Every structure is written in C-alpha cells, then in structure tokens.
Amino acid sequence: MLGRYFVYKQPETFGALMQVSKFPRFFKDQDHLAYGLLVLTTLFWSGNFVMARAFHAQIPPLGLAFWRWTLALALITPFAWSAWRTSWPVIRTHWRKLLILSVLGVTNFNTFVYLGLQTTAATNGILLLSAGPIFMLAFSWLVFREGIGKVQLIGMLASLLGVLLVITQGELGHLLALDFVDQGNYWILAAVMSWALYSVLLKVRPQGLSPFVFFATTVAMGWFLLMPVYLWDTWVQDSVMPMTWPAVISVFYVACFASILAYLFWNRAVAQLGAARTGHFIHLIPAFGILLSVLFLGEQLQQYHFAGLVLIFGGIYLASRKPATG
C-alpha cells in the first residue's frame, strides 16, 4: 500500500510515465482515467493478500517479502540513481528518520502480513487491514497529541470491538482465557499497527526529497534491513525459496503490481483528483479482497466477518468526523 500518503509533486523520469500526455487520446476525461487507476490500484493491493495466501504452503513468507523488494529495487534503481546522488545531502542528514520509516513501512509491514497469512484466511487479514485508520488516529494522539473528540473515541472503540471479533472468530471469551485462536491474526494486527505508525510519522518525513526518491530510498533501506533476516531464515531455518512458477509469478506480481504500479497509479490519481477524493477508494480494498478470496481461495464468510465489518467501518465513519469546536 505504498504511495497512499505521499504528497504528489513533479515526478522523476520513472514517475513521468504517469503523466497525462503519455495516455492515449481516447481518455478525454482525465477524471475518469484517474478513477480507473484508483480501481486498479486497490485491486492490486487486494491481490497482494490473495496471492500470498494462495501459495502460503509453497512460498516461505520471508522469502516472498525479500524477493518482492529485491525485484522492486532492481527495477527502480536505474531511474533513482541520479536522483539519489543529487539528494544525498538530504538523505545523509535525515538518515535516522528514513531508517525508522523504512523499518515500519517496508521491512515490517509486508513481512508481517505474509507471516500472518501462513495460518489466517485472507478475508481475516483484509478485514483487519481495514481498521488501519483507527490505529492511525490513536498513534496521532500518542505521538503528536492530536485531539480526539468523544464521537471519535466511540468510533475507535467500535472499530476495536470489530477487530476483536475477527481475531477471536466471534468468541470474545477467548481473550479472557488467553486462548489465541489463530496467531496469524496477531501478525496481521502487528502489520496494521506498523503501517499506521509509519503513516503518522510521514508527517515529519524529510521535505527535501521528492515522493519517488523518498519511496526508492525507503525501499533500499528496508531491503538492506530485511536481508540478514532472510539469510538467517534460509541458512538456519532451512526455509529455501523455491524456483517454481508459483514463486516466480507471486514475486513478479507483488513487486510490479502491488508495489511499483500501485504507487505510480495512486500518485497519478492524487494529482488529478486530490487527496480527499482519492482517500475514499481505500475502502474498495476489503470489497475486492473478500470477493477475490471467495472466488479464488474458496473462503467462506462467517457471521463474525459481517459483524466485524459493520463495527470497523461504522467506527471509521464516526472517527473520521471532526471533533466539535467551541
């Protein structure tokens, strides 16, 4: 889901592929084009969960995470190299901030998601991901002391209850008994928290870097941090990445579609429509994700899924309302 919170500026050569003039003339209404790109973006992000779950038995999670970013980095480096050299003083000055953001947004997020999808259903993972805005609100208060009104607090509690319904499969008594039904849900929850904190901390990201250079830099740092963990998993745990077609297709999809193209499409849409109009399209992710999970994975929706969905999105609606002033 990279790219969601970046502020659009004039892109470098790689990002220039998404300029209006590059599209065929039959896209006369650029708003319609932007809406189409947003639909594709959310579809790509939903497919990330479905793909990881579909091949979880054949592909080790750390291997998928490492090779995802390896391929993505290999593809963007030729376009980022000259910009890195130009932006090196800014990168060197703010390397601590960039390192923290890399850990949260690149090293942790998808690695935790893939670890969680080893045991939990893609439907569960996608529903838990949809609660991200609630954790962002909480971290905004913890880190920057941004105000939370009573209605927002009620929304946060409602969404939290929805999350608990999903991770306990509708049996809240499991929490009291410390019976963790599916530990994969907790990996997903850790991923959501990592992404939420990453998103909140983007408020203080280095302003001297363009969105593409920032993206490329965090990918590079996150990849270097993930490498020793991957090597440990391969050599010590004997978790070898197979050279099979499912593995190749999965890595290609998550690197090219769920990472790079999704980033470019999202920022192109933000440039055309603005952040406020594009933000609502994030809610297509659970819709697409659940549909794909049912169609391709044969997963079935349970009553607690529907209850959790209502509570999570109802809570997000309440939490997104501005606190009353005066």
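Every residue gets a Cβ built from N, Cα and C, even glycine.
The transmembrane segment feature in TrEMBL is assigned to 33-54 (among others).
Per TrEMBL, domain 'EamA' is recorded for 34-167 (among others).
Under the heading transmembrane segment, TrEMBL lists 66-86 (among others).
The transmembrane segment annotation in TrEMBL covers 98-117 (among others). Distant neighbours of the transmembrane segment (98-117): 1-2, 48-49, 52-53, 56, 61-62, 64-65, 68-69, 91, 125, 184-188, 190-191, 194-195, 197-198, 201-202, 205-206, 214, 217-219, 221-223, 225-226, 229, 254; these residues of the same chain sit at least 6 beyond its ends, with a Cβ under 8 Å from one of its Cβ atoms.
TrEMBL lists 123-144 (among others) with the feature transmembrane segment. Among residues of the same chain six or more beyond the transmembrane segment (123-144), those with a C-beta under 8 A of the stretch's C-beta atoms are 46, 49, 53, 113, 116-117, 152, 155-156, 159-160, 162-163, 166-167, 182, 184-185, 188-189, 191-193, 195-197, 199-201, 203, 283, 285-286, 289-290, 293-294, 299, 301, 305, 308-309, 312-313, 315-316, 319-320.
For 151-172 (among others), the entry in TrEMBL reads transmembrane segment.
The domain 'EamA' annotation in TrEMBL covers 184-320 (among others).
According to TrEMBL, the transmembrane segment annotation covers 184-202 (among others). Residues 1, 4-6, 97, 100-101, 104-105, 108-113, 115-120, 124-125, 128-129, 131-133, 135-136, 138-140, 143-144, 163, 166-167 of the same chain lie 6+ residues outside the transmembrane segment (184-202) yet bring a C-beta within less than 8 angstroms of a C-beta in it.
Positions annotated as transmembrane segment by TrEMBL: 209-231 (among others).
Per TrEMBL, transmembrane segment is recorded for 243-266 (among others).
Positions annotated as transmembrane segment by TrEMBL: 278-297 (among others).
As annotated by TrEMBL, transmembrane segment applies to 303-320 (among others).
Beyond the transmembrane segment (278-297), the same-chain residues lying 6 or more positions past its ends with a Cβ under 8 Å from any Cβ of the stretch are 4, 34, 38-39, 41-43, 45-47, 49-50, 53-54, 121-123, 125-127, 129-130, 266, 269-270, 305, 309, 313. Each residue of the domain 'EamA' (184-320) gets a DSSP state, and the totals for helix, strand and coil are 115 helix, 0 strand, 22 coil.
Note: the domain 'EamA' (34-167) comprises 115 helix, 0 strand, 19 coil (DSSP; helix = H, G, I, strand = E, B).
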